[in-house]
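Report on the structure given below.
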Amino acid sequence: MQAPPPEHCPGVESEQAGLVSACAGCPNQRICSDPNKKLEDPGKALVAAAMKDVKHKLLILSGKGGVGKSTVTTLLTRYLARSYPDSNFGVLDIDICGPSQPRLLGAVGENVHQSGSGWSPVGIDDNVCLMSIGFLLGSVDDAIIWRGPKKNGMIRQFLSEVDWGTLDLLLLDTPPGTSDEHLSVVSYLRDDSAPDSLKAIIVTTPQEVALLDVRKEINFCKKQRIPIVGVVENMSSFRCGNCGNSSEIFPAKTGGAAAMCQEMDVPLLGSLPLDPQVTRACDSGEDITAINNSTTEALATICSKIMASL
């Protein structure tokens with residue numbers, strides 16, 4: 001029988017299992033550090049029990065920072081919640097060092113409460129809830145300076161100790177790249193008996209400097225056996241509010257997301273414009289999905305494809 005994992009356990013699937021300072025004194029240290037032993041992370045069973053009523057999990061990924069993953073996560077959540085009022089949606093912010101969902105969803109200053117069932121996520125709308133480390137900080141300016149094992153422990157807590165209730169879809173906002181956060185959340189949520197329960201959306205901008213890293217993220221998903229719902233091209237164009245002309249702020253010199261999707265055999269879900277209304281709404285935490293403009297028209301197409309894929 002395995003002992004409970006220490007608070008900052010790196011996870012038995014990690015290359016650091018049994019080797020980092022958090023493992024000191026753990027009864028399983030010798031077993032975890034044995035390269036010939038393959039163990040199931042005891043935290044995985046706790047996560048599975050806590051997430052049993054969450055039907056679908058959707059990772060929002062990108063290899064590049066600054067492409068708008070968090071903004072896209074917010075827009076998708078808002079539009080889906082408005083379009084499917086009888087469904088329940090959750091957002092989990094696992095960008096541990098840069099949590100932005102409380103700001104984007106208008107929940108700055110909210111507190112997380114604890115009950116016998118665990119942490120209660122913050123309610124955003126009637127059918128939307130949010131959990132983020134941003135709610136656990138003393139100030140929005142507090143820096144989180146953690147190594148991988150501590151991030152892993154925090155993600156495990158979010159997945160196993162938050163009372164999500166019954167959700168039709170949980171969207172997970174991730175940091176850029178393929179780092180500890182990504183490996184942790186995939187190891188806990190991937191279920192080989194239900195491979196379609198965890199899927200991914202990739203966010204990019206049109207220019208090649210972003211596409212270079214996004215290709216790596218797509219390959220990460222393929223290696224980790226995570227089905228890719230498709231790619232969202234963000235900030236594809238900018239329409240001037242004065243003259244009405246459209247401009248390419250990030251020129252697609254190599255064909256943009258469309259060419260990359262064809263090259264890598266993944267679907268293109270759609271393109272979102274660079275919209276000043278969205279920028280202002282993100283800063284204030286307002287919901288703009290009720291208005292009719294080019295952004296919401298694009299969201300309608302993207303969200304219908306997402307729901308059809310689940």
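The backbone N, Cα and C atoms fix where each Cβ goes, glycine too.
Positions annotated as [4Fe-4S] cluster 1 binding site by Swiss-Prot, on the basis of sequence analysis: C9, C23, C26, C32. Annotation comment: Swiss-Prot describes G63, K64, G65, G66, V67, G68, K69, S70 as ATP binding site, evidence class sequence analysis. Annotation source Swiss-Prot lists [4Fe-4S] cluster 2 binding site at C240, C243.
Structure with Swiss-Prot features highlighted.
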{"residue": "C9", "record": "[4Fe-4S] cluster 1 binding site", "contacts (Cβ under 8 Å, 6+ apart)": "A22, C23, C26, D41, G43, P149, N152, G153, R156"}
{"residue": "G63", "record": "ATP binding site", "contacts (Cβ under 8 Å, 6+ apart)": "P176, G177, T178, L212, D213, V214, R215, K216, E217, F220"}
{"residue": "K64", "record": "ATP binding site", "contacts (Cβ under 8 Å, 6+ apart)": "P176, T204, T205, V209, A210, L212, D213, V214"}
{"residue": "G65", "record": "ATP binding site", "contacts (Cβ under 8 Å, 6+ apart)": "P175, P176, G177"}
{"residue": "G66", "record": "ATP binding site", "contacts (Cβ under 8 Å, 6+ apart)": "P176"}
{"residue": "V67", "record": "ATP binding site", "contacts (Cβ under 8 Å, 6+ apart)": "P176, V203, T204, T205, A210, V214, N234, M235"}
{"residue": "G68", "record": "ATP binding site", "contacts (Cβ under 8 Å, 6+ apart)": "V203, T205, N234, M235, L272"}
{"residue": "C240", "record": "[4Fe-4S] cluster 2 binding site", "contacts (Cβ under 8 Å, 6+ apart)": "S246, S247"}
{"residue": "C243", "record": "[4Fe-4S] cluster 2 binding site", "contacts (Cβ under 8 Å, 6+ apart)": "none"}
Counting across all protein chains shown, how many other Cβ atoms sit within 10 Å of the Cβ of S70 (ATP binding site)? 24
Roughly how many Å separate the Cα of S70 (ATP binding site) from that of C32 ([4Fe-4S] cluster 1 binding site), to the nearest whole number? 35
Integer Å value for the Cα distance linking K69 (ATP binding site) with C32 ([4Fe-4S] cluster 1 binding site) is 35
Using DSSP and three states only, what is K69 (ATP binding site)? helix
Could you tell me which three-state DSSP class C240 ([4Fe-4S] cluster 2 binding site) falls into? coil
10 Å Cβ neighbour count around C32 ([4Fe-4S] cluster 1 binding site)? 23
